[in-house]
Amino acid sequence: VLPAIALTLVFLLHPCRQFPGCGNIVTFSQFLFIAVEGFIFEANFGRKKPAIPIRYYVIMVAMFFTVSVVNNYALNLNIAMPLHMIFRSGSLIASMALGIIILKKRYSVYKYTSIALVSLGIFTCTFMSAKQVASDSSLNEEDGLQVFLWWLLGIAALTFALLMSARMGIFQETLYKQFGKHSKEALFYNHALPLPGFLLLAPNIYHHAVLFSQSEPFQVPVIGLTLPIMWFYLLMNVITQYVCIRGVFILTTECTSLTVTLVVTLRKFVSLIFSILYFHNPFTAWHWLGTAFVFVGTLMYTEVWNSLGPFLARWRKRPKEE
């Protein structure tokens, strides 16, 4: 799983860095590949009846598609990749809030504390990023205000996507309780049903397809095939993303939910660090402090310390070597 995540980061961030608005063509390619694979191997060319009624998948897909598109467009609204990653780490906050409101859930003080830490970390990074946008000396006052307003719209888009994603998770949880867990089936329908929706984004996808075709030629190692380098990056992204998603599915069937949550948390943190170091994004000490709050708060939420406690106790009781 981890090698696939690393490769996905490389081949996803390259096109997003060179063409910040190319998220739609990347998402469409991923959806198309996973849908075709699922249609063949999961749906058996449409002959296998889904365990969960299609109407529920339509609702889930509508939310899933909306979240993906809004998150992509946020990158066009002066939202830097590190802030994008940190903000999306706030899914714990949104999930807990909607769980309390919709499912009437109650949590321990430990979990409320973890959520407070994550909230403080996101607020710190968001506030510092706002100051950076507002104080851009390369813009005059009028342009600077316009950039800042677009940035605020980007924050609103990320907030909406965060809440919608949390609502989708609650909806999916209730479906699994009613019909049983069918992760592979859900993966297929979540990627197949939204495909017609990409017709609304066809001009943007076509525009970036043309830009990709105009990129510098690249000779693929081993096979010697020459193609535009952006198409190579896109191909590698689709393949590694598929491996990553399949790896996460295998992880959910082989490990506890705590382990899965911890791996996903570490993936987000590694993604953030990779983006900062590789692309030399501006990151102050306040950003690092906010990131630390997010990371520690998320680990507290997973209660990993409780799992490490018995292990550390056994380690301390080991007889010391002479």
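Any Cβ shown, glycine's included, is placed from N, Cα and C.
TrEMBL annotations: computationally assigned, not manually curated.
As annotated by TrEMBL, signal peptide applies to 1-18. Feature annotation from TrEMBL assigns transmembrane segment to 28-45, 57-75, 81-103, 115-135, 147-166, 187-206, 218-236, 248-279, 285-308.
Between the transmembrane segment (57-75) and the listed ranges 28-45, 147-166, 187-206, 218-236, the one holding the most Cβ pairs under 8 Å is 147-166.
Comparison of 28-45, 147-166, 218-236 by number of C-beta pairs under 8 angstroms to the transmembrane segment (187-206) places 28-45 first.
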